[in-house]
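Encoded as structure tokens, here's the structure I'll be asking about.
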Amino acid sequence: MESYLSENFEVKPKHSSEEVLERWRKLCGVVKNPKRRFRFTANLSKRYEAAAMRRTNQEKLRIAVLVSKAAIQFIQGVSPSDYVVPREVKAAGFQICADELGSIVEGHDIKKLKFHGGVDGIVEKLSTSTTNGITTDSELLNRRQEIFGINQFAESEPKSFWLFVWEALQDMTLMILGVCAFVSLIVGLAMEGWPHGAHDGLGIVASILLVVFVTATSDYRQSLQFKDLDNEKKKITIQVTRNGYRQKISIYDLLTGDIVHLSIGDQVPTDGLFVSGFSVSIDESSLTGESEPVMVSTENPFMLSGTKIRDGSCKMLVTTTGMRTQWGKLMETLTEGGDDETPLQVKLNGVATIIGKIGLFFAVVTFAVLMQGLWSRKWQAGTYLWWNGDDALEMLEYFAVAVTIVVVAVPEGLPLAVTLSLAFAMKKMMNDKALVRHLAACETMGSATSICSDKTGTLTTNHMTVVKSCICTNVKEITKPNKASSLCSEIPDSVVKLLLQSIFNNTGGEVVVNKEGKLEILGTPTEAALLEFGLSLGGDFQAERKATRIIKVEPFNSTKKRMGVVLQLPEGGLRAHTKGASEIVLAACDKFLNTKGEVVPLDEASINHLNVTINQFASEALRTLCLAYMELDTGFLGEDPIPVSGYTCIGIVGIKDPVRPGVKESVATCRSAGITVRMVTGDNINTAKAIARECGILTEDGIAIEGPDFREKSLEELLELIPKIQVMARSSPLDKHTLVKHLRTTFEEVVAVTGDGTNDAPALHEADIGLAMGIAGTEVAKESADVIILDDNFSTIVTVAKWGRSVYINIQKFVQFQLTVNVVALVVNFSSACLMGSAPLTAVQLLWVNMIMDTLGALALATEPPNNELMKRPPVGRKGNFISNVMWRNILGQSLYQFLVIWNLQSRGKAMFGLEGPDADRILNTLIFNSFVFCQIFNEISSRDMEEIDVFKGILDNYVFVAVLSCTALFQIIIIEFLGTYANTSPLTICQWLLSIIIGFLGMPISAGVKMIPV
């Protein structure tokens, strides 16, 4: 079976081709209810529609961009537009309407923009300000909302409970049973009248309705869980200026006229116009299909919703929101395609198909054997030419039994149990600070064999402070603010001035005044640490920024590992500042500032002293940064690149980022679970090694390597090296991608990768499971990821792995349980039909058994929470068999016991219990049915662990399991004692009840004995 499933029902956890997704659907035979079975699979036809619409939109947009580029050349001499402001817009206090704004930005219409006075003119017409943003007076906000709309996309209406009921009714076998019930009702009423003639038909109808409502309730609850998760995914915040203050708001609260602050890695939340910024390049491929980044500036100010900031930072004026944007129109079609199905869903569809075909064969043979028995009796009695209503009812009962065998045999619930388990796990993982974006990641994480983790913010707290500095070759420890201020007295004033100019101008952060009137530092933790250091030296951020004019900015990126800025000085002249990875910036310096603050050449002794300082800081697990500057010629232009060498070293700072509590224990847990943890960081190798040792990642036999060395290795060297690598320092995004690719393809490992920056997107995309950071992560990284770690904590990644294993094992438990019921129900009914000429389990009874093993079984076993024992087992990896030898052993052992018991009851039951009289057959069949159900109840308990004998451990912690078992037992009593007329059962004595329960319970020691057989 496993080889058949691997060949025909194998899909990747992500990025499966449409052909592969189409192929397994075509192979799915014997599907009782396609609407339910394929509910949580991708809607390929909708995807094709969305792709066609996307191509059309991309072509329209591409033409608009080309036309706008051509229009720039002929802009002089254009006739003014004949635009008239609508009356209601004027009455609201604005001078331009939403449609006009939309046509300007979406159509890249330079002519219209010029007519309205450029970006400044639009700002004025929208009653906003580029420095203070919009005012938050509630009346003004409401007017703005009414005229321009809100930034929300149209969503499809959530399905109501009754729609799930309707979908559950689409089951082909239930429809056939419904027809059987109707015919039975008609014939029964004609033969026996009301109410006796209606019992059989009404019994089947009641059973069908029970199955439908329980199924619909379970499916509806799942849909609500997914709805909650979808809402969680949409919680994206952005920085805006309103009322003169910087603040974070949800992107769905943005309004036309808002001033939004964007930086590298952000997704543009609305259509808008560029106000100010530096080196902004945008990836518009999601809209136009063009892979080349587009430079945005005052000459080309158009920014479209859904595009991504590749480089730079800027302020943007919001012009068009929500469904008026191209992205809004596109999102409407894209969401209908749904997520790809998970590998387990597809595999279990394959299992359901195989068993369904076997069940269909058994059902047809059972019906044929039962009909042959009826025909034989008629032949012997000589009445084969005369058929009456009783014969018709008997034939109908045989047909209903055959159809119900198909109901039981086709395990429609298998693929849906995966979704149920995943939905349950995803909901619980949300509470554990992990947001699953793609269903498949949840189950794939359970097979993970390797985790490549970032250092900063994941293994460390991301709360950074400058604790050491080396300025003018003077090494100083700065543990308290007063120590920082005393540093000023030890270095010349000219150097302090230069240092503050570098810190406050060459930064991606900001110091702003918040609503309470207090200073607030905005920016990455590294930037915040430096700005805090600058303030503790007595610096004034706003005064420094006003004293100079920024000519050019080159933002930090993980390839260059440095950032730079060019300033125009108040006394004239230009100066460039740079900062970044210490050894890289120091290598770009040929001078340094001595103890007197004089610029002197950088000789070998000075270089050695600075390198020793860097290594000393790094060995203390400090992140080191070097700050440098150079004077530029006045001929430098804004388009020129900032020089890469010839700098003067100002100093080196050591930034402390403590290791997160619990990380060492989590790494040890991973090791005991057979998961290798590797640290991949852009930091100095000594810093990385110090942190890795503290976390327990770097061991005696492990290797720490730098990215540049890794890049130079040949393929043969890499094959030998990669299994031993535990730390990779000074790595580029390409190094990370290469490492992940080799681990996945060459070493066939299941790899999870963490990332927070834009440049991590390729590695996150390449990995089996991409884990993005929720706090430090950019929107681009989050979009490429499968799971978002909301607290940026490595311990949460271990929790995700634990839940992933729990999902995988829970599904295995459920499959083991369901296949046992399948095998026994099939063999019992088939063998009884062949040897006894009748089936002991009626249609109503089989429908109840189907519900126990399908919906209720999935609820009980697929929602088992994880335990710590899961992390003491080796991972399944890429090659593990889903239906393992352990499962086959348990299935066959339990099935054999149940079959022998039921067969003995059927063949010797009357003699054993002294059953006589007209009701003997009915009582015996009730005993068989009752014993069979209790066998399943106790088998459900045995299935809680496939290898451990103690299956009661922690059973009371799982209230769902206890509730399902209690309800099953309670309803079984009701069926036997009170609904016998409809379910063809007879009330049992206390002794018969006890015997049924003992027969069921004996399955548990049998199961424990079977578990001791080695496989």
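Along the chain as shown, residues are numbered 1 onward.
Every residue, even glycine, has its Cβ placed from backbone N, Cα and C.
Sharing the features that TrEMBL gives for it:
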- 115-189: domain 'Cation-transporting P-type ATPase N-terminal' (DOMAIN)
- 172-191: transmembrane segment (TRANSMEM)
- 197-217: transmembrane segment (TRANSMEM)
- 354-375: transmembrane segment (TRANSMEM)
- 395-425: transmembrane segment (TRANSMEM)
- 819-839: transmembrane segment (TRANSMEM)
- 959-981: transmembrane segment (TRANSMEM)
- 993-1013: transmembrane segment (TRANSMEM)
So if I exclude everything within five residues of the ends of the transmembrane segment (197-217), which remaining residues of that chain have a CB under 8 angstroms from its CBs? That is, six or more out.
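Tertiary neighbours of the transmembrane segment (197-217) are 36, 161, 164-165, 167-169, 174, 177-178, 180-185, 187-191, 393, 397, 400, 843-844, 847-848, 850-851, 854-856, 979, 981-984.
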So are the transmembrane segment (819-839) and the transmembrane segment (993-1013) touching or not, going by 3+ C-beta pairs under 8 A with a sequence gap of 6 or more?
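Touching, no - the transmembrane segment (819-839) and the transmembrane segment (993-1013) miss the threshold of 3 or more Cβ pairs under 8 Å.
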Check the domain 'Cation-transporting P-type ATPase N-terminal' (115-189) for me and report the mean pLDDT.
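A mean pLDDT of 84 is what the model gives the domain 'Cation-transporting P-type ATPase N-terminal' (115-189).
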Are there residues at least six beyond either end of the transmembrane segment (959-981) with Cβ under 8 Å to its Cβ atoms? List them, or say none.
199, 203, 848, 852, 856-857, 859-861, 863-864, 926, 929-930, 933-934, 937, 940-941, 944, 987-988
Give the nonlocal contacts of the transmembrane segment (993-1013) in its own chain as ranges (CB under 8 Å, at least six residues past its ends).
889-890, 893-894, 897-898, 901, 927, 930-931, 933-939, 941-942, 946-949, 951
Provide the three-state DSSP residue tally for the domain 'Cation-transporting P-type ATPase N-terminal' (115-189): helix first, then strand, then coil.
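Within the domain 'Cation-transporting P-type ATPase N-terminal' (115-189) the tally stands at 46 helix, 1 strand, 28 coil.
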